Amino acid sequence: MSRSAHPAGPRYADVLPEGGYSAPPADLNSLDPRVWSRTVTRNADGVATVAGIDVKQLAEEFGTPAYFLDEEDFRARCRAWKSAFGEEADVFYAGKAFLSRAIVRWLTEEGLNLDVCSGGELATALDAGMPAERIALHGNNKSTEEITRAVRAGVGRIVVDSFQEIARVAHIAERLGRRQRVQIRVTVGVEAHTHEFIATAHEDQKFGIPLAGGQAAEAVRRALKLDGLELVGIHSHIGSQIFDTSGFEVAAHRVVGLLKQVRDEHGVELPEIDLGGGLGIAYTSEDDPREPQEIAGALREIVERECRAAGLAVPRLSVEPGRAIVGPTAFTLYEVGTVKELPGLRTYVSVDGGMSDNIRTALYDAEYSVALVSRTSTAGPMLSRVVGKHCESGDIVVRDAYLPADVAPGDLLAVPATGAYCRSMASNYNHALRPPVVAVKDGAARVIVRRETEEDLLRLDVG
Ligand SMILES: Cc1ncc(COP(=O)(O)O)c(C=O)c1O
Ligand SMILES: N[C@@H](CCCC[NH3+])C(=O)O
């Protein structure tokens, strides 16, 4: 929410968000299809439903807070990415956004590959049957154990992130009698227009080997000399929650520039380019994300044009969307516990979860939307802040939202677009029990990640 004066008047200028507040939406009961997963709607009684199941029934059966993930929507998004990039490219789903065995099975069935960035993600992928050759291992500080497991399993590629790692992967692969396919992650020097903590290709941050100063070219030189490595390509990931294709285009241009330099220096044409993930989604009605076709068209066009100009064969392209596939497919369902009005300021609506199930608002100032979903209301708009139950004043789920003025304890609220980086970044802060993920499809709901229990917490506490 943004832009305009505080509804309570100028006296409260000090509490204004940057740019001010927007006017309340015309209809507080509507569920904007750009923000909600595809099968979310309201039934004749005004209760929101997903995949045909009403949220009151879901809350009763699975409790709150809980994430509800629309399987059909997830699969449709996988297919949209696959068909946008076509047979000449590979789509690696970024498991860090959210990973579970069910997700791995759906990805495998839909023909996507998988990017993992830890031993835990690798274990989940292999356990759920993703063929190793369709897995890429990432990370800026992979352990020797993680690299060894990945090489042993036969992963399709390891994306190396530093000079030390080039030597480390080569050494491990040689010791195991393997030749590991690797890509080198480079930093292209693009300032992605996103939050500082999720931008990854400007120069002053921890990921990748800079193109600047010839470091990436030196990394290629070293990798080409090592028997344990098969250098197959160059990787770039510029950041996350990006709406504008221009940063990807600059990255593609610079990566192709490096391929040309490698060809000119070593007579080798590297056969692959990966341009990472990062495509943004709509968290609120004000966001206007790009579609996979748009990004695919723009990337293909620039890679082909640049390669033609450089006299290079067009390399195989891959991308790693996480948020854009899983983000819009889930919402978090909460029950309202208390409603506290601060006259002239706003109303604090406390729900039964918070920063332990969605840290993004506190961490990145992320914006979310929220709706009353257990009923409709004809009450007027109330400027609200939806907060959690943790012992932190920064425990905010939705910073600025209009809710109907009659919202009361026992009502159910849902926050859409929480499929990415919410359950995967959830914590046990205040010994909160991490919520379950429930997959919904065709009128049926099943738990794919169960709710944590106090026994789970106590089992780890062995002191
Ligand atoms: C290397 C890499 N690939 C892919 C992704 C997925 O990004 P997103 O979920 O924004 O598509 C990330 C996370 O930002 C990443 O670090
Ligand atoms: N975790 C971040 C994105 C960073 C992903 C990894 N490079 C988010 O919630 O938006």
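Heads up, the Cβ atoms here are built off N, Cα and C, so glycines get one too.
Taken from TrEMBL, the feature domain 'Orn/DAP/Arg decarboxylase 2 N-terminal' applies to 73-326.
When secondary structure is read from DSSP and collapsed to three states, LYS96 (N6-(pyridoxal phosphate)lysine) falls in the coil class. Listed in sequence order, the residues of the same chain lying 6 or more apart from LYS96 (N6-(pyridoxal phosphate)lysine) and placing their CB within less than 8 Å of its CB are ASP115, CYS117, GLU121, GLY322, TYR421, SER424. Residues or ranges marked as N6-(pyridoxal phosphate)lysine by TrEMBL: LYS96.
Residues or ranges marked as pyridoxal 5'-phosphate binding site in TrEMBL: GLY278, GLU320, PRO321, GLY322, ARG323, TYR421. Secondary structure at ARG323 (pyridoxal 5'-phosphate binding site), as computed by DSSP, is helix.
Residues annotated as substrate binding site in TrEMBL: ARG323, ARG360, TYR364, GLU392, TYR421. Under DSSP, TYR364 (substrate binding site) is assigned to a helix (H, G or I) in the three-state scheme.
Sequence annotations record features per position, and here TrEMBL assigns domain 'Orn/DAP/Arg decarboxylase 2 C-terminal' to 332-419. According to DSSP, the secondary structure content of the domain 'Orn/DAP/Arg decarboxylase 2 C-terminal' (332-419) in residues is 5 helix, 40 strand, 43 coil.
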Which of TYR364, TYR421, all binding-site residues, has a Cβ with the fewest other Cβ atoms inside 10 Å: TYR364
Whole-number Å value for how far GLY278 (pyridoxal 5'-phosphate binding site) lies from ARG360 (substrate binding site) (Cα to Cα): 16
Length of the line joining the Cα atoms of GLY278 (pyridoxal 5'-phosphate binding site) and TYR364 (substrate binding site), in Å: 15
Binding-site residues compared (GLU320, GLU392) - highest count of Cβ atoms within 10 Å: GLU320
Whole-number Å value for how far GLU392 (substrate binding site) lies from ARG323 (pyridoxal 5'-phosphate binding site) (Cα to Cα): 27
Those binding-site residues in GLY278, GLU320, ARG360, GLU392, TYR421 whose CB falls under 6 A of ligand 2, listed in sequence order: ARG360, TYR421
TYR364 (substrate binding site) and PRO321 (pyridoxal 5'-phosphate binding site), Cα-Cα, nearest whole angstrom: 19
Binding-site residues close to ligand 1 - of ARG360, TYR364, GLU392, only those whose C-beta is under 6 Å away: none
